[in-house]
Amino acid sequence: MWDTLWTDIHVATADPALISDQDGYGCIHNAAIGIENGRISWIGAARDLPDAPQNLAHKIHSGNGLWMTPGLVDAHTHVIYAGDRSLEFAERLNGVSYEEIARKGGGIISTVNATRHVSEDELFDVTARRVRRMIAEGTTTLEMKSGYGLTLQDELKQLRVARAIGTALPVRVHATFLGAHALPSEFKDRQDDYVSHLITDILPQAVEEKLIDSIDGFCENIAFTPDQIERLFIAANDLKIPVRLHSEQLSNSGGTKLAARYGALSTDHLEYVVEDDVIDLAHAGTVAMLLPGAFYFIRETRMPPVDLFRKHNVPMGLATDCNPGTSPSVSLTGIMNMACTLFRMTPEETFSAVTRIGAQALGLQNVTGSLTTGQTADMLLWDLAGPHELSYWIGGRRPVQRVFDGKLNPVI
């Protein structure tokens, strides 16, 4: 017998086999889902169940006619940090650019200083408060980056917090090493030396402690060059660790081509990519991870080329980019709305972007992100007219029930 059977539900599966021009969500109406050992054992129309529900499962839950979706996947966040940067918001409103703030010691570096000055336990506590809000908004899988430590001790501190969050809270955590996020003051004007430090000192220790699921970098004129990022990617390849990259957010610096050449799981931001870059992403099978929260918050005017991604069949993901300086957001449904209104993505595209494609961007497409047989039962029950409503509300639309790893969780 199954452990659990859900009945009286409508399901938006995000299953490519069910998605069509007429139905971009992969819907099954009047559906049922059987769960065993935390995984989906059966899904389909309730009329096709092989026996009476009471003969199939130890527990039966009724969805009372509501909508079930996959748990949401937030595949790009900087949620592990201490400190506050709300005053920078006022500076930006007065015309100070992101680059200017960064160059005078604000931006990322101010968060680095705050993060360095708290203990691991304190960092866990402030991070857990944010993550609980994300969970309440429907996130069941969460990418968490380092990059606010920039020393051996403090990068490991962030990565240990990521692992601890995944143990303490009902969320699947993908931990990303982002040591190449900014240049710390200790290495002023010595970027190459700092990259060597990342490769020879920090990365081996993080790998030894099994703290890393992927490696990221910030390739931009205020951060690191393609040549410097390539050194990091070579080290990642040697260790068989997948890579991803912040690229083409503020200018076209060549990072996207580099990421495609190394088969990156995703390249993120992408406001300044051109068609040749998009073609490279298509050939590599790399996800274009779009971050409308940052676009909105820093009042960027150049949009990522969504039409080119469609033209070349590049999968488009969405994430909150939750961070203290450019995207203080914990709501993936709010991000879905921004993607529709700012980037002209369709509601159907945004749904796939925060489920199946978000999982693909983390290399977890065979684990989570869709409601199909064999997938982990990460599921959300919503009081909606239909899945299109998820991208309609400007955030604040929360699930009424939550299933993580097959277990019914209280909505936090």
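The backbone N, Cα and C atoms fix where each Cβ goes, glycine too.
Annotation comment: Swiss-Prot describes His76, His78, His246, Asp321 as Fe(3+) binding site. Annotation source Swiss-Prot lists Zn(2+) binding site at His76, His78, His246, Asp321, citing sequence analysis. What Swiss-Prot lists as 4-imidazolone-5-propanoate binding site is Arg85, Tyr148, His181, Gln249, Thr326, and the listing cites sequence analysis. Annotation comment: Swiss-Prot describes Tyr148, Asn323, Gly325 as N-formimidoyl-L-glutamate binding site, evidence class sequence analysis.
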For His76 (Fe(3+) binding site), which residues in the same chain are close in space, meaning a Cβ under 8 Å from its Cβ, but six or more apart along the sequence? Glu143, Lys145, Ser266, Asp268, Met289, Leu291, Gly317, Ala319, Thr320, Asp321, Ala361
I'd like to confirm something. Which of the binding-site residues, His246, Asn323, Gly325, has a Cα closest to the Cα of Arg85 (4-imidazolone-5-propanoate binding site)? Gly325
Whole-number Å value for how far Tyr148 (4-imidazolone-5-propanoate binding site) lies from His246 (Fe(3+) binding site) (Cα to Cα): 15
So, in DSSP terms, is Gly325 (N-formimidoyl-L-glutamate binding site) helix, strand, or coil? coil
Could you check the binding-site residues His78, Arg85 and say which one's CB has the fewest neighbouring CB atoms inside 10 Å? Arg85
I'd like the Cβ neighbour count for Asn323 (N-formimidoyl-L-glutamate binding site), meaning other Cβ atoms within 10 Å of its Cβ, all protein chains included. 25
Shortest C-alpha distance to Asn323 (N-formimidoyl-L-glutamate binding site) - which of the binding-site residues Tyr148, His181, Gln249: Tyr148
What does the structure give for the C-alpha distance between Tyr148 (4-imidazolone-5-propanoate binding site) and Gly325 (N-formimidoyl-L-glutamate binding site)? Integer Å is fine. 12
What Cα-Cα separation, expressed in whole Å, is found between His181 (4-imidazolone-5-propanoate binding site) and Gly325 (N-formimidoyl-L-glutamate binding site)? 13
